[in-house]
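Pulled from TrEMBL, these are the features on record:
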- 170-197: coiled coil (COILED)
- 316-462: domain 'NB-ARC' (DOMAIN)
- 585-656: domain 'DUF7779' (DOMAIN)
- 804-837: repeat 'TPR' (REPEAT)
- 846-879: repeat 'TPR' (REPEAT)
- 888-921: repeat 'TPR' (REPEAT)
- 1014-1047: repeat 'TPR' (REPEAT)
- 1056-1089: repeat 'TPR' (REPEAT)
- 1098-1131: repeat 'TPR' (REPEAT)
- 1140-1173: repeat 'TPR' (REPEAT)
Amino acid sequence: MLFLHRGVLYQHSFRLGTEIEEARKFDDLVFEYTQGSKKAYRFLQAKHTQDEDNRKIEVRDLLTKDKNRDEFRLAKYFISYLKIKNNQDFADGNLKDFIICTNIDFDLDQSTAQNTVRKLKVKTSGLNEKIEILVEVIDTSDVFFKDGGTRYKFSCTHDNMISIMQPTFKGAVEETIKELEEEIEKLQSKPDQDSKRKLERNQTWQREFGRMMNEGRLEDNIKEFFDKLVFAVNQPNEIKLADMIKSELGEQFNDIDRKNVYARFQEKMLDWLKEKGRRFLTHEDGREFFRKMKEEILGGFRFEVRNPVGSFTGRKTELEKLHESIQESQGVTTVISQLVSISGLGGIGKTELAKKYIEEHSKDYDNNIIWIKAETHETMVQSFLRLARDPLGIPTEDRDIESIVRDIYAFFAKRKSLFVFDNAEEYRSEGQDAGISQFLPSHFLSSDDNKPSVLITSRNQKWGDIKSLTLGAFTEPESIDFIRKALGIKDGSQENEIKNLAETLQHFPLALQQAVAYIKERDIALKNVGLKFEISDYLKRYKEEAEKLLDFKFPKDSDNSYTKTTFITWRITIDKIKDNPEYGQQAKEILDIIAYIAPDNIPAKMFLGVERNEEKLGDAIQLLKQYSMISSGEEQSSVNVHRLVQQVTRIELEKQGKEKVVKKTFELLKESFPYDSDKLEDYAKKRQLLPHLEAFLSHIDNWLKENPLKKQTIEKDYLGDLLIWMGDGYRDLGNSRRQKELFERALVVQEKHYGPYHFQVAIARANLGNAYGDLGDHKKEKKLLEHALPILEKHYGHDHSQVAIILINLGNAYGSLGDPQKQKELLKRALAIQEKRYEPDHSQVAIILTNLGIVYGDLGNHEEKKELLERALVIQEKHYGPDHFQVASTLISLGTAYRTLGDPQKAKELLRRAFTIQEEHYGSDHFQVAITLINLGIVYGTSGDPQKQRELLEQALPILEKHYGSDHFQVAIALTNLGNAYGDSGNPSRQKELLEQALPILEEYYGSDHFQVAIALANLGDAYGNLGNSRKAKELLEWALAIQEKHYGPDHFEVARTLVSFGTTYRTLGDPQKAKELLEQALAIQEKHYGSDHFQVAITLTNLSNAHGDLGNLQKAKELLERALAIQEKHYEPNHFTVAIILKNLGGTYGDLGDSQKAKELFERALPIFEKHYGPDHLEVAKLLANLSITYGDLGNPQKAKELLEQASFILEKHHVHDYF
């Protein structure tokens, strides 16, 4: 439980296993994680004893041969280490350490107890009296072992340790070899699959142990074992462990009843582990378990909900009315499908009332409270994105907001919940205005779903049929109570002054809050010199300030008594802030800038342009907080401001002239926003700053409306750049639609000010083209990029980096439109430019190498693809780090190259690594993860495991359908691959069905003569052939071959693959001579492309042997099959299905040549592989049984022949095949 909790808490990417058989004597815990670019494993065995006060680990415990007292016997753990080391399940990673964890200590010689290297106590009598064993203290900086105790390794710096252990370990290895021999003998007679698996495993161990002894490598293995063996001693016992877990869980669950939380966790975890079975649990499993437990214990989700201000008072009537309104439904108290709005002026207390309502009634919604910032369309989008990512774990990258919101409401559809839309502008949504209707649950859920209740706060009072509660100012008693509470006045003093202040400020909550904050701060300051500041003093200043404003003209939308009152209190406070000699000017400048950006989550470091000294900046921000001008944000490094404070600040700035502040705000946004950065940490900055850019854009738009004569200056100085920054941010965050809108507007502005052929216009056009590309419109992308390219070439010259970037994007547009030759040409041009401009290991060079590698693959040159991608990968890992999603993209492409080049093991390793990175970055049901699953599935298919291929593809398909829609070309490619997996599994009917579903989608997207269409046609032809319709197969293959020869040329390996299918079809049609010619043509192409010992060559040799067999040339058939068998046995494991196919064919050939004994041996080798691959009742198994039956008959064993024939007949009857014989 502790390891799982810490793994999730520290956000490690891991898999955790317990009681894993393959871990032998280290099976208590197996921890798999990613270390750089490779997997690593940690193994742990816990050996806790009840007698911890009196028991210590002695030398005899380590060297004992007594198997009844062997809990610390090193020989036992050495054998387990060797077995793990020689187990394929752990071959893909580094075996980091093997830990024996115990609550007792070594029996140390106290003279060395304080040294780094310590000696175990030497006994005065007995066999161990002369044995000296040294242990060395090792570093304890490990989040999983941070709870006291000591970790030791055995010191092998002197030869004594090896000489002590070698005889014992040698004896243990020899004994183990004998035990393995006995087990192997027993297992050989058992036909079940589990026994066969154990037999293979034991034979591997027997072989490797024997080889180690024969080659004199025992000593090396002992040294390696001691290098990895760790004794973690004096570790917490079970009681202390329980207390630690209780403590850590308590921290996670807000210190609620720790004992109860632990008991519930323990019970639930035991049930959960039992349900999962003895297999590895992923970090996603752990995260989901803790999420569910958190939900169960805390009782719900509270998202971005903050407590009301401590001085909240009154509003009891409004709270009661609000609760009645939300709970009301046709006279029945319920919380289903209710929408209620709280309307009123800014600063009247709507948001605080909503917070207080939540504080009092959260339990009525099972504590599921979601707070949405609803000022604009974009703030709503960002709120839902944050909610999806954390805590719900719903994938968001490259998905439209509608599908994300739908998933969120689906999550809450089975539970009570309250969604608060704070500061909403209006109800109806038209496009991307500020209306909230398109974000409400009624837009997404069916009538059967449990719709969340919705509470809206808004200045707007027009909400149609939505029940509305209008909130006014405080009542007099509420105002008096608020002032007393805020100023700490508990007696009856200043009663008249309190009443006068409340009336003067018209019982307006925000004005009252500012006033009492001012009074408190001034009183604290004056008490230092023996004076005080009372309410009467504030009223005097208020009167003076109000007289100054008699002739002040307020904007029409702000010309009301409450805004005027707030403005006066604001002026009083600002004057005092400005009077601060150290930080007043900086504080005022910060408040002015805040007036033009979003009110929430403002990063404090954005104001370093105002004050470069961070300490002084902190003091200036604190000054604003003291006087209630701003408040702390969700994070300590961010601040919030009330919208009315922003409004009255802008009123003052309009009077003074706002151009200087607007310019400064623009400069600070420019300095803070990491434009054009692809660093992961900058993505978070862009996400935080985009709402502020949106708010600033709205003020720029208002400025344009109010000042048409300044339009050209405003657009040129501010708008153009602002739109481009924002487009860049939305591109990185996956919002291609908003990206397109912004770049379309930027293009209009740039064309207007620079003319259509200016380089800035060309860049804007290129940005817009990229946005269209991200949205899948590659024709529009190509058109815009081709328009931009000559302008940029003229401006920069043909070898400029900006030209190279356009060439890359234009090349990829051609590739997406099915012209890889043109893509290659453009990318090579780009590469030459960038290699000239940058160092060869620059990230910009890596981008081109990656794209160029993919193109070479599309053109069939996979060796070149591999080389380019490996070059790119080294650069990207250096630039981004090993776990960046860009690295994952290259790993996927590299994996496909290795697969095509015949190295599925390397392909799996690369794709698994990519999958881990992507799952961590995107979430488990993201479309990029699905594409990786498809590639991984194809590799499993290539490796002869179509069952695993099907599982992965069927996992990927619904993700792609959800993301793209069911008629998208990516879905069609997935369908094609899934169909092929069914075909390889012996189900051509399902293969045909899926391919016929995919084909029209591919034709619609690519056109009918595209190479992707040809791949589907060829595979469909194979399916028809396997279903017995050879004429239809021939027709489809002819069509596919014509497209491929046109696209690739006649000597391409893809053409060869279709020729092989064509050859088998002609053979089925009774023309083995034509089949032989086509297969020989294919073989020549493949041997030239792959080399003579490639697995694809072996497949063609197998088919060619069949054609020779049909022509009566059995000796040639045998030679070809034996050559194919040698290749496939080298490429695959000996029990691989592909090997079995050749064994079956070779057996038939030997039978036809009259060698029934050899035929029998080959058929019997093939049979268990067929049964494992197809299942014991498959038609192909029946056919093989029938062949084996004939062979036994030829060998004079009619009884065995009869048994096999009956077995075959039984299967055939099940499949309604009655005339096979």
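Glycine too: its Cβ is placed from the backbone N, Cα and C atoms.
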Compute the average pLDDT of the predicted model within the repeat 'TPR' (1014-1047).
93
For the repeat 'TPR' (804-837), give me same-chain residues lying six or more residues beyond its boundaries with a C-beta closer than 8 angstroms to one of its C-beta atoms, as numbers and ranges.
766, 769-770, 773, 778-779, 781-782, 785-786, 788-789, 792, 798, 844-845, 847-849, 851-852, 854-856, 858-859, 1006-1007, 1010-1012
With DSSP as the yardstick, break the repeat 'TPR' (846-879) down into helix, strand and coil residue counts.
31 helix, 0 strand, 3 coil
Which residues, given as numbers and ranges, are at least 6 beyond the ends of the repeat 'TPR' (1098-1131) yet have a Cβ under 8 Å from it?
902, 1056, 1060, 1063-1064, 1067, 1072-1073, 1075-1076, 1079-1080, 1082-1083, 1086, 1138-1139, 1141-1143, 1145-1146, 1148-1150, 1152-1153
Give the nonlocal contacts of the repeat 'TPR' (1056-1089) in its own chain as ranges (CB under 8 Å, at least six residues past its ends).
860, 1014, 1018, 1021-1022, 1025, 1030-1031, 1033-1034, 1037-1038, 1040-1041, 1044, 1096-1097, 1099-1101, 1103-1104, 1106-1108, 1110-1111
Per DSSP, what is the helix/strand/coil residue tally across the repeat 'TPR' (804-837)?
31 helix, 0 strand, 3 coil
Counting by DSSP, what is the helix, strand and coil composition of the domain 'NB-ARC' (316-462)?
62 helix, 29 strand, 56 coil
DSSP says what for the domain 'DUF7779' (585-656): how many helix, strand, coil residues?
43 helix, 9 strand, 20 coil
With DSSP as the yardstick, break the repeat 'TPR' (1140-1173) down into helix, strand and coil residue counts.
31 helix, 0 strand, 3 coil
Within the repeat 'TPR' (1056-1089), how many residues are helix, strand or coil going by DSSP?
31 helix, 0 strand, 3 coil
